[in-house]
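**Student:** First the structure, which I've put down as structure tokens, then a few questions once you've had a look.
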Ligand code: 13P
């Protein structure tokens, strides 16, 4: 059992209050390697940005309670040792069951997501409420989801389909009845590589800011979360393909659209795929360039500054620099 305060972590309440008031979003950054985690903390320290460490239930299982909690503690220690007081939350991404959320809270997470978005509306409310009661008794914040995002969540779905967007009227009802502290909604972003489908004239569709606007008019101050906001840089896609990989050309969420959402009611923006492809593309490139290498440090040492660069850019787009 870990207490998140002892790990130097905070929940997302004050982070989101400030982000909402000041019109920026907190970067919620997934990591699967130490280089990613170190690169993101380097960026956060340089830019004095609050950050949310995103850990999936799979990674939590893979690393185990101790490793996950201690990695988060190393992040907060590094910030403290730099003489800074930057808020860091450890957040369970896409907890699918009450039990996964309980395991995360016992493991020192300061925030959990319960994703009941595939359940019927009333069941989603009931599950979210159950998690919120358990979490709030331990001062842990809860994110819920309404509306299905394409991508990994909904494999095999092509194109953006109207019925997948979050219904804003239902979202307001959900916020009022579920006890969640923030809500992930679907306004056109999606997980994974395949995101936006260009129109026939080559232009890109806009995110549905009107859904966001409706919710914030009815629930001013309530933090909205956007998943699936990676930009999918063509540079990394090309690098992967040039060095033995094979992934399709695809269009991510343009930076300007993410920036606009961050200035509205969106207080948390999730990024996973951009970090993965930056790490993997450069690993492939370096391994090709150094065929005689026998030590993984030939690439790990070079990946960290590249990760830092990526996350500095994310902080800049979300407007979260100098907020801590
Ligand atoms: P991306 O796939 O766009 O990085 O989104 C990740 C995410 O939302 C994780 O929950």
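Glycine is no exception: its Cβ is also placed from the backbone N, Cα and C atoms.
Heads up, TrEMBL stuff is auto-annotated, nobody curated it.
Checked TrEMBL, it gives:
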type	residues	note
ACT_SITE	93	active site, proton donor
BINDING	94, 191, 227	Zn(2+) 1 binding site
BINDING	115, 145	Zn(2+) 2 binding site
BINDING	192, 228, 229, 230, 270, 271, 272, 273	dihydroxyacetone phosphate binding site
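A description of the local structural setting of each listed feature is requested, covering burial, neighbours and distances.
**Tutor:** DSSP assigns residue 93 (active site, proton donor) to a strand segment in the three-state reduction. Around residue 93 (active site, proton donor), the same-chain residues at least 6 positions away in sequence with a Cβ under 8 Å from its Cβ are 28, 30, 54, 55, 56, 57, 113, 270, 272.
Mapped onto three states, the DSSP output places residue 191 (Zn(2+) 1 binding site) in coil.
A 10 Å cutoff on Cβ-Cβ distances gives residue 145 (Zn(2+) 2 binding site) a total of 26 other Cβ atoms nearby, all chains included.
Under 8 Å, Cβ to Cβ, and six or more positions away along its own chain, residue 273 (dihydroxyacetone phosphate binding site) finds 191, 192, 193, 230, 232, 252.
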**Student:** Under 8 Å Cβ to Cβ from residue 229 (dihydroxyacetone phosphate binding site), same chain, six or more residues apart: give me those in sequence order, or none if nothing qualifies.
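**Tutor:** Looking at Cβ-Cβ distances below 8 Å from residue 229 (dihydroxyacetone phosphate binding site), excluding near sequence neighbours, one finds 189, 253, 258, 261, 269, 270, 271.
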**Student:** I'd like to verify something. Among the binding-site residues 115, 145, 227, 273, which ones have a C-beta closer than 6 angstroms to some atom of ligand 1?
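**Tutor:** If the test is a Cβ under 6 Å from any atom of ligand 1, the answer is 227, 273.
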**Student:** Residue 227 (Zn(2+) 1 binding site) to residue 145 (Zn(2+) 2 binding site): how many Å between their Cα atoms?
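**Tutor:** Taking the Cα atoms only, residue 227 (Zn(2+) 1 binding site) lies 10 Å from residue 145 (Zn(2+) 2 binding site).
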**Student:** By Cβ count within 10 Å, point out the most packed of the binding-site residues listed: 192, 228.
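**Tutor:** Its Cβ has the most other Cβ atoms within 10 Å: 228.
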**Student:** Distance check, please: Cα of residue 94 (Zn(2+) 1 binding site) against Cα of residue 115 (Zn(2+) 2 binding site), rounded to an integer number of angstrom.
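**Tutor:** That separation, Cα to Cα, works out to 5 Å.
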